[in-house]
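Take a look at the structure below.
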Amino acid sequence: MGFWLLGLCNNFSYVVMLSAAHDILSHQRASGNQSHVNPDPPLTPHNSSSRFDCNSVSTAAVLLADILPTLVIKLLAPLGLHLLPYSPRVLVSGICAAGSFLLVAFSHSVGTSLCGVVLASISSGLGEVTFLSLTAFYPRAVISWWSSGTGGAGLLGALSYLGLTQAGLSPQHTLLSMLGVPALLLASYFCLLTPPAPQEPGGEEEAETSARQPLMGSEAPESKPESRSNLSLPERWTVFKGLLPYIVPLVVVYFAEYFINQGLFELLFFRNTSLSHAQQYRWYQMLYQAGVFVSRSSLRCCHIRFTWVLALLQCLNLAFLLVDVWLSFLPSIYLVFLVVLYEGLLGGAAYVNTFHQIALETSDEHREFAMAAACISDTFGISLSGLLALPLHDFLCNLP
């Protein structure tokens, strides 16, 4: 339960910022704080010369602000983050998550809002590296619970943002209502999660006492770092090369799905529906996250060893929706809803099965490093998709 809640709280701010991307960018066309008062501006084209009803800035800009700091953290983490104890890392993650909600909620400009998105990215990236490394000291089953929690964050984050704004709450008040999530993150780590059982025999009484103590009082993972953290650079490079068959398919999966999410969602605009453009975008995000939650929670039911198959299927999804953006051949938004749900199922399955295989096939002394190093996979793919989605947006939105 501790790892499920940590997964839920860690990814929550990241997901909410992506769900709010369309509203964040509406600052550029809203006067004063208008976007906070009216969650759904009138359905008028933002770029009247384009059939796509484009924002002047692509939602990929929000994606890059939400992922590039995470990429930097994950690139540097295998080199020395293990030297910093777990508790300070978790504190920084919680504080950054709370700061992101406050900064975006009270922002009056796109620039300030993007700074808040950067804080959410720091929180999510630092937390993911920290908690995935921490799984190395627990039974492998916690990976399934962590993955399910991150999937739950996607679903609950997107659903809560969609539901509260649909109910008439402004984006500002919606974000402020989510400040309890960082507090729950800290409470889950310091009060709920217990340290792992002693690595060496210490008798039943010692094990029972250790199991009752929260990590704040006993940093068990740091107490015996020699066997897992002190790997030489050649050892780390050897382990990383062995991870490439897992890393490469996951990079491809996340590149394809986030190219869809932040490059194509805002362009898949249907005028023959009662949903406004902003509402359509929020529904896409929510359905994608619903698919992710289901598949990230499916490890007990279904194991997929060959994740390259998921990468291939996700690329076919990208090609299909890219053709639809260009030709507009799908007659109904509900068909897109089904494709988006399927896209989420593929992405979540790739994530949980990749880390499950790594946990199974790496030795005990390498597992902590391997889990932290493999974190780069999804982040690298997402970053690449954001960089390529920006010119696509500019090209398509300048078409008549």
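Cβ atoms are placed via backbone N, Cα and C, with glycine included.
Through the fold, the signal peptide (1-20) approaches residues 62-63, 66, 70, 93, 97, 100-101, 104, 116-117, 120-121, 123-124, 127-128, 131, 135, 138, 142, 145-154, 156-158, 160-162, 171, 175, 178, 181-182, 184-185, 188-189, 192-194, 261-262, 282, 285-286, 289 of its own chain, all at least 6 residues removed from its boundaries and within a Cβ separation under 8 Å. The signal peptide annotation in TrEMBL covers 1-20.
Taken from TrEMBL, the feature region 'Disordered' applies to 31-50 (among others).
Here TrEMBL flags 90-107 (among others) as transmembrane segment.
Sequence annotations record features per position, and here TrEMBL assigns transmembrane segment to 114-137 (among others).
If you look up TrEMBL, you'll see 143-164 (among others) marked as transmembrane segment. With a cut-off of 8 Å between Cβ atoms, the residues of this chain six or more beyond the transmembrane segment (143-164) that come close are 1, 3-16, 19-20, 131-132, 135, 173-174, 177-178, 282-283, 285-286, 288-290, 292-297, 299-300, 344, 348, 351-352, 355-356, 359.
Taken from TrEMBL, the feature transmembrane segment covers 176-195 (among others).
As annotated by TrEMBL, region 'Disordered' applies to 198-229 (among others).
Residues of the same chain lying 6 or more positions beyond the ends of the transmembrane segment (243-260) and with a Cβ under 8 Å from any Cβ of it are 63, 288, 307-308, 310-311, 314-315, 317-318, 321, 340, 343-344, 346-347, 350-351, 354, 357-358, 370, 373-374, 376-382, 384-386, 388-389. Positions annotated as transmembrane segment by TrEMBL: 243-260 (among others).
If you look up TrEMBL, you'll see 306-327 (among others) marked as transmembrane segment. Sequence-distant contacts of the transmembrane segment (306-327) (same chain, at least 6 residues past either end, Cβ-Cβ under 8 Å): 52, 246, 249-250, 252-253, 256-257, 259-260, 264, 267-268, 336, 339, 342-343, 346-347, 349-350, 353-354, 357, 396.
Within its own chain, the transmembrane segment (333-352) has Cβ neighbours under 8 Å at 143-144, 147-148, 150-151, 154, 249-250, 253-254, 257, 260, 265, 268, 270, 273, 275, 280, 283-284, 287-296, 298-299, 302, 304, 307, 310-311, 313-314, 317, 320-321, 324, 378, counting only residues six or more beyond its boundaries. Residues annotated as transmembrane segment in TrEMBL: 333-352 (among others).
Sequence-distant neighbours of the transmembrane segment (372-392) (same chain, 6+ residues past either end, Cβ-Cβ under 8 Å): 58, 60-61, 63-64, 67-68, 70-71, 74-75, 77-78, 81-82, 125, 128-129, 132-133, 236, 239-240, 243, 246-248, 250-259, 262-264, 351, 354-355, 358. The transmembrane segment annotation in TrEMBL covers 372-392 (among others).
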Subject >> For the transmembrane segment (114-137), distant same-chain residues with Cβ under 8 A (at least six beyond the ends) >> reply: 3, 6-7, 10-11, 13-14, 16-17, 24, 61-62, 65-74, 77, 81-82, 86, 89-90, 92-94, 96-97, 99-105, 107, 143, 146, 182, 185, 195-196, 220-221, 228, 355, 359, 364, 367-368, 371-372, 374-375, 379
